Amino acid sequence: MAAPLSESAAPTGRSDRVPTDNPALWPEDAPWQQVSPRLAWVRRAGMLTFLVPIVAAVAATATWTDVTLLPWGIAVAGLGFLGWGLAVVTRSVQAWGYAERADDLLVRHGILVRRLSVVPYGRMQYVDVKAGPLERALGIATVQLHTAAAASDAAIPGLPTVEAARLRDRLAALGEARAAGL
Amino acid sequence: MHPLSPLIRGARGIGVVGALVSYQAWGSAGWRALAIAATVIVLGWFAVAWVAWRFTGFRVAARELHVRDGILSRRQRTIPLERVQAVDVVRPALARLFGLAEVRMEVVGGGKDAEAPLAYLTTAEAERLRVHLLRLAADAGAAASQPTVPMGDLTETAPAPVTTAVGGLFRVNHRLLIFSQLLTFNTLSAPFLLVIPILEFTSEDPSSAAVFTFVSGIVGLIQVPVRRLLGEWGFTVGRDADGLRVHRGMLDVRNQTIPIPRIQAVRIRQPLLWRPFGWVRIEIDVAGYGQGGEQENGRSALVPVAPAAEAFAVLHAVLPTVPSAGPDALELRPAPARARWRAPFQYRRLAYTVTDTALVTRGGWLTARHDVALHARAQSVRISQGPWQRGLGLASVHLDPAGGHTTPTVLHQEAAHAARVAADLVDRARANRAPATAEAAHSADPAPAADGQSAERPTASGSSAAEGARGA
């Protein structure tokens, strides 16, 4: 049963003090698992295919036409963005985590904006496993959960294929066993 | 389906076709050619509608509704009745002339196509079907959660009497409805926009394109209040054994039946201009509404507009967890003062509380808003923390009800507190939906649910149904 949240009902004083420590947003004792570091390569490839052509085109424009300053500025900004993306990609992949608890699945991700989803097994409508060509080459896949609420559709990318299949089957079995009406 | 259905369905398109034909052919063809073309098109239209009608049919078998339609590509749909969220009887203006009605079922999931409009039946037939479907849906829901209970042959369940006692809860005040819609931003801004096309029109060189742009813009603006006015004219809410009964509409009359356990969330809204008068609008979220595009944003009004005391009394009768004095009568926990750096306009109003059955949140700046989500309906709980929030040591907690039109959010609470709130919401959601399954698993002898109606769909209802019963 739910432990009553003692201070939730009682209004407390409006403290203006910003705490110096940053408390954990999610349960630390859950059996957290990380996703495959190979996901970083998918992310890097995505960034490169998106930004490199743009930077190249802009640089070409600047080289062979009279306009110079603005295109070069854009190119430098693009490269800077790319460099920043490449720098944080490892940490961003490490930030992904999921935990199978007794009654629900936890999924967390994000560095800049941190998010945690708690999806009860009984609420899952169906589970998708998706893998693009590059993901298949790297042997990883994305598990997508669907509930009746669009906002709670959580996804776990970068799962090794075997783990993705195991998770899908387990979630489907648990969802069947605990299905709750709407 | 009623034999007049093709006539009405056909008539729907004739106006459009007629306008199109006359516009295209004006001047280029003679009257005779025009009349012949129009006749051919109209007859063709009716013929197609008639053939389509011949191929359309439905039947209720066991716990499913079978619908078949289509001419070239035949389609047969099977709708499990435990997924039916609400049943509406709609009477469009034209069908009303012939005493016909359409039965619409709101089915969860599956998008627009899953909605099954049965058009047209006689009003009495539609009403009988509505009652029958709701009874079956309630039974099917109960049976799905307790498979051990012998259910008997559902097809032989006698339809309940058509006239069920409707306990009146609320009737909209028409003067209030008109004034409240006049006092919306859309209506008030329209006259200002109207000045421009008038100036343009009276100028020496009027540009018809500019006039047209502005006029269509104004039409778009006042569309919302006008639709509300027409759609919520004569709005009454009552309750009977099946749930909430909503009757509304000026031209198209709609009779909605919403089982109370199907209510996912509640929104309470108070626009800036309504506040001096103390008017409130309350909407309820029902999963499935809004996929057909006819319901506004997936919600259905519970109280289109009413003085706060009256509106909250209605809400209290439906959801006793909200006190009749309004959600502010609960002890809400405000967001910490440092939230003002993140939400400078609304931080004073940010607050929330968790009751035994629901999460109640408050926020908004120009439009004051309250959201209520039921633990028993929660699909998932989320925490989010942006960079600003992290700098301030804040975080937000979201509770997602099915349908996802309203996501009540506990905004900008202390991070550690937000984490505890989320854990608490998860626990309460589990506790609120657990009892029925636990009962079914543990009780040795099956519950006395044979007569269906009294079984009260255990999983779907949880504590809200119990509350609903008390509220009645």
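Keep in mind that glycine also has a Cβ here, set from the backbone N, Cα and C atoms.
TrEMBL assigns the feature transmembrane segment to residues B:208-226, out of the candidate ranges B:94-112, B:208-226. TrEMBL lists transmembrane segment for one of the ranges B:176-196, B:302-322, namely B:176-196.
Residues 210, 214, 217-218, 221-222, 224-226, 228-229, 232-233, 235, 271, 273-274, 279, 281, 304-306 of the same chain sit 6 or more residues outside the transmembrane segment (B:176-196) yet have a Cβ under 8 Å from a Cβ within it. Tertiary neighbourhood of the transmembrane segment (B:208-226): same-chain residues 181-182, 184, 186-187, 189-190, 193-194, 196-197, 200-201, selected by CB-CB distance under 8 Å and a gap of 6+ residues from either end.
Averaged over the domain 'YdbS-like PH' (B:53-131), the predicted model reaches a pLDDT of 79.
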